[in-house]
Amino acid sequence: MFNLMSNCCSWVSNFQQPMRKVTVLMVGLDNAGKTSILRMPPKELGPTQGCVRTELRVDNFIVMVLDMGGSPEDRRCWRDYYGEAHGIIFVVDSSDEQRLPEAKELLVDMLKQPRVARKPLLVLANKQDRMDALLISELIEGLSLEKLVNQSRSLCHIEPCSALVDLRKWSDRKTLRGLRWLLRAVCMDYSDLCSRVARDSKHPVTREDKERRGKPEKTRGKKRRKEKEEEESCESEEKEQN
């Protein structure tokens, strides 16, 4: 009877709550299994290129998931979407210890961005079914997760999962459990996050910033050296004329 009343009260509470629209940015290295996490049942999927938008209905939320490609070329575009997101999902391959430093580097760069700071972060530790999968404690240490989220003042939760083994219905999946945590965290600061999204969406990343990011550091270094040589040449000519 108590359980029945609890379920009834929960249903009435959910019914009374307004529908809220939330945009979630999902990023991670290539082959981390980002796209497979959203598919039920899992399919043979190639690497995501660019941004794939998937709409989900979760409780009282309409969730737009922006699934970003993880290749080096696609990572340059991540910043273009930071302003749209209320929260972030970072997917990491638990079984690929060699690429953990690379994943950490991406996480460090992302969390220091003003348009990401103070937004809730869900880390999905994918491929936990594999024998060589790292423990959650090892992932937290390897990613310096506690230090990073404290610096960015972001709420954070790490959820173990396996996109290829978790064949249960969507409502029972561990991925959904993590997503529900993220939505609750967004809900706690919903008004402020919506204001930030509205403001940042009006002022997207400039074309100059995109071009500057798109150029390899080596190319930019050559350009700076060339400009310096031209300045020195001009100074020498002025001295000779004087």
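Positions of Cβ are set from backbone N, Cα and C atoms, glycine also.
A quick note: this is a predicted structure, and the numbers were derived from the prediction, not measured.
According to TrEMBL:
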type	residues	note
BINDING	G28, L29, D30, N31, A32, G33, K34, T35, G70, N126, K127, Q128, D129	GTP binding site
BINDING	T35, T48	Mg(2+) binding site
COMPBIAS	200-219	compositional bias 'Basic and acidic residues'
REGION	200-242	region 'Disordered'
COMPBIAS	229-242	compositional bias 'Acidic residues'
Between G28 (GTP binding site) and T35 (Mg(2+) binding site), find the distance joining the two CA atoms and give it rounded to the nearest Å. 10
How many Å lie between the Cα of D129 (GTP binding site) and the Cα of T35 (Mg(2+) binding site)? 17
Going by DSSP, give the three-state secondary structure for K34 (GTP binding site). helix
K127 (GTP binding site) and T35 (Mg(2+) binding site), distance between Cα atoms, whole Å: 13
Reduced to three states, what secondary structure does DSSP give G70 (GTP binding site)? coil
